[in-house]
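Heads up, the thing below is written out as structure tokens.
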Amino acid sequence: MSFDIAKYPTLALVDSTQELRLLPKESLPKLCDELRRYLLDSVSRSSGHFASGLGTVELTVALHYVYNTPFDQLIWDVGHQAYPHKILTGRRDKIGTIRQKGGLHPFPWRGESEYDVLSVGHSSTSISAGIGIAVAAEKEGKDRRTVCVIGDGAITAGMAFEAMNHAGDIRPDMLVILNDNEMSISENVGALNNHLAQLLSGKLYSSLREGGKKVFSGVPPIKELLKRTEEHIKGMVVPGTLFEELGFNYIGPVDGHDVMGLISTLKNMRDLKGPQFLHIMTKKGRGYEPAEKDPITFHAVPKFDPSSGCLPKSSGGLPGYSKIFGDWLCETAAKDSKLMAITPAMREGSGMVEFSRKFPDRYFDVAIAEQHAVTFAAGLAIGGYKPVVAIYSTFLQRAYDQVIHDVAIQKLPVMFAIDRAGIVGADGQTHQGAFDLSYLRCIPDMVIMTPSDENECRQMLFTGYHYNDGPTAVRYPRGNAQGVALTPLEKLPIGKGLVKRHGEKLAILNFGTLMPEAAKVAEALNATLVDMRFVKPLDDTLILEMAAQHDALVTLEENAIMGGAGSGVNEVLMAHRKPVPVLNIGLPDFFIPQGTQEEARAELGLDAAGIEAKIKAWLA
């Protein structure tokens, strides 16, 4: 869409932070209002992350107004809340392309703008990177400031606390801003803390605080009295004891929607030495009532009519694989009281809402703590329960050591339900599920299953759940299932594939939900088609049989070619000295950018036409 200058006259004056800092301070509330309306107008037309950005409008304006960005370095954690940042940093007229093929990246991205200091997408990385950036800035000696913005969800992760603990030790000059949108600000508490924040961040308090410490540092009783007095004064109104104990100077909480107050506080804090912590209170979805009332639903939105306040309902078509998993989970839990389900803060995305309501005592949302989720599951298994860890492929990467050390080595019966495997789409490089087969396949005693449709997915979940000799994994994609009939649950024979079509000369060994495309290609080329089902253990007998009966083999998977299922087939053939030609088709050796799943598959040659073309070119 084209930018409407008449509709946004103040925002029209700002196409860079340099222009923002030229605006008179009294015009900033109007700028915030226009920025919020423009965000609503843009995202409702294009889709994207929504509620988080509405909540950070005033903070974004204040940060870029006070700090000399991009010289001063501003780091956003995760990046869901960074749409206003993109709008104010030269990307205003392109915001309608966000998350689209060739458009703006959904998260801060170093290759897109000098204002995007750190490429993000996964949570809780900002403080660690910020410490490194602050240390580098100190060695550079150019008086460059470092600011990290992290949400109340992301700060619960262990990595954030590891970073804060380190910052308290080496004491770099940096500011961490906690964007807390879980609590409401009552007028009296908000006003009191806004005033307190400006006092506590001011030069008078800072100089008295530091000066007093220096003067009385040699007198232990007085030093301790000063410390206790300061803690008592701040502790009466400030919930910052934890952050103070980690070595930060805590300020807040303050109203994150008072742009003038934020500017005053940030100006006071800008020159403070050592690690600083500013706690701001915001409302997710601020300024758009439907999003304020239901920020989870409005976290990420499709195109919608903002005047209606409603998101378009699904067409009522085929269920998604997440729902297939959620239905299986509820069905199994109703029959087996030993089932325990775990998610690292992905209840809605993983299809676990119904389970959490029906079985609240067996549902564990461990927050953004993937490492803990896996080892917690290990403990449940040791205790005689049957844990199911529902996790996105891209987030399981964060718990790799726990999968090996705490689960696999001990042969514990933990089942991993790996959602969003393969190409995910609009969230781009940071969220593609490209690597799980590669990084799990090398783990001893791991059973890995790749269903070709929703019925097989259910059977594999059932099989994995009842496997007691070690960990299992079932990986399935984002998106709708295929509409096949669901049959009664039964255990599949471990490590056995299934021939779906008999052909001549060429055999296609398919792993996973590219099966419909593989079937079209097999029909066109009169090839044999095999549903391999298991990546580990592989069906060696079937692979060798296909090699003996055909001139060439093709492996097909929606995972990185390097180290994936196709690599396993190659290893089997080499181990048995069978020099049959093999073409491995899968995800190439680069990070796959954003776009729809269909666009990505077409570009990568993973639709039926692309697969057929690859095979014909290879055979020519």
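We count from 1, first residue shown onward.
Any Cβ shown, glycine's included, is placed from N, Cα and C.
Annotated thiamine diphosphate binding site per Swiss-Prot: H80, G121, H122, S123, G153, A154, N181, Y288, E370, in sequence order, evidence recorded as sequence analysis. Reduced to three states, the DSSP call for E370 (thiamine diphosphate binding site) is helix.
Just so you know, the Cβ of D152 (Mg(2+) binding site) picks up 15 other Cβ atoms within 10 Å once every protein chain is counted. The annotation Mg(2+) binding site is assigned in Swiss-Prot to D152, N181.
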Close in space, distant in sequence - H80 (thiamine diphosphate binding site), Cβ under 8 Å, 6 or more apart: H49, S52, G53, F107, H299, A300
Among H80, G121, H122, S123, G153, A154, N181, Y288, E370, the record's thiamine diphosphate binders - longest CA distance, Å: 32
Chain-internal residues, separated by at least six, CB under 8 A from E370 (thiamine diphosphate binding site): P344, I391, F395, L396, R398, A399, Q402
Spatial neighbours, same chain, of N181 (thiamine diphosphate binding site) - Cβ under 8 Å, 6+ residues apart: S52, G55, G151, D152, M281, T282, K283, K284, P295
